[in-house]
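J.: Before I ask anything, here is the structure I am working with.
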Amino acid sequence: MTDCIFCAIVAGQSPASVVLDEPDVLAFMDIRPFTPGHLLVIPKRHASGLAQLDPEDGAKVFAAGQRIATAMRASELPIEGVNMFLADGVAAGQEVFHVHLHLVPRTAGDGFGIRAHWQTPNRTVLDGTAATIRTAVESHRS
Ligand code: 5GP
Ligand code: ZN
């Protein structure tokens, strides 16, 4: 028995309300939904975070999420918009260490939101941060 709850769902050892079952991707309802219809899209192959995720699996997860989000908005469910959300790392709010893409259906006034202290950096600061990240991206190959 795996100690990863999402691997246990993939293996059929733990129950889930499945929305989409593809060879490399599974989508199922979140057990503690932020809003009605909140679901998760995961790669079947275990990856604890984005650094461990095969980019091809990542592409399949996003494609499945895009397809489900579009279908949900066209469905009879009262969905006016969808947020995609992915937490990578404890500081980002990740609690389950098997990569998952949240799809959160939205309706006006549903109370879901992102709490933040919005910052107003000047162009010099933005350019400096961009240069640091650009260098990191150029030197990092997954
Ligand atoms: P995170 O904070 O890691 O981005 O989100 C983890 C999500 O997984 C939470 O929204 C939580 O409700 C959901 N979750 C945790 N355990 C289970 C489970 O056993 N089954 C399902 N369907 N969802 C789970
Ligand atoms: Zn897993």
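Placed from the backbone N, Cα and C atoms, the Cβ positions cover glycine too.
Copied straight from TrEMBL:
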- H100: active site, tele-AMP-histidine intermediate (ACT_SITE)
- 5-113: domain 'HIT' (DOMAIN)
- 98-102: motif 'Histidine triad motif' (MOTIF)
J.: So what pLDDT does the motif 'Histidine triad motif' (98-102) average out to?
T.: 98
J.: With an 8 Å cut-off on Cβ-Cβ distance and a minimum sequence separation of at least 6, pull the same-chain contacts of H100 (active site, tele-AMP-histidine intermediate), or say none.
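T.: Once residues fewer than 6 apart are set aside, H100 (active site, tele-AMP-histidine intermediate) is near F6, L40, V41, I42, L86.
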J.: Based on DSSP, name the secondary structure state of the residue listed as 'active site, tele-AMP-histidine intermediate': helix, strand or coil.
T.: coil
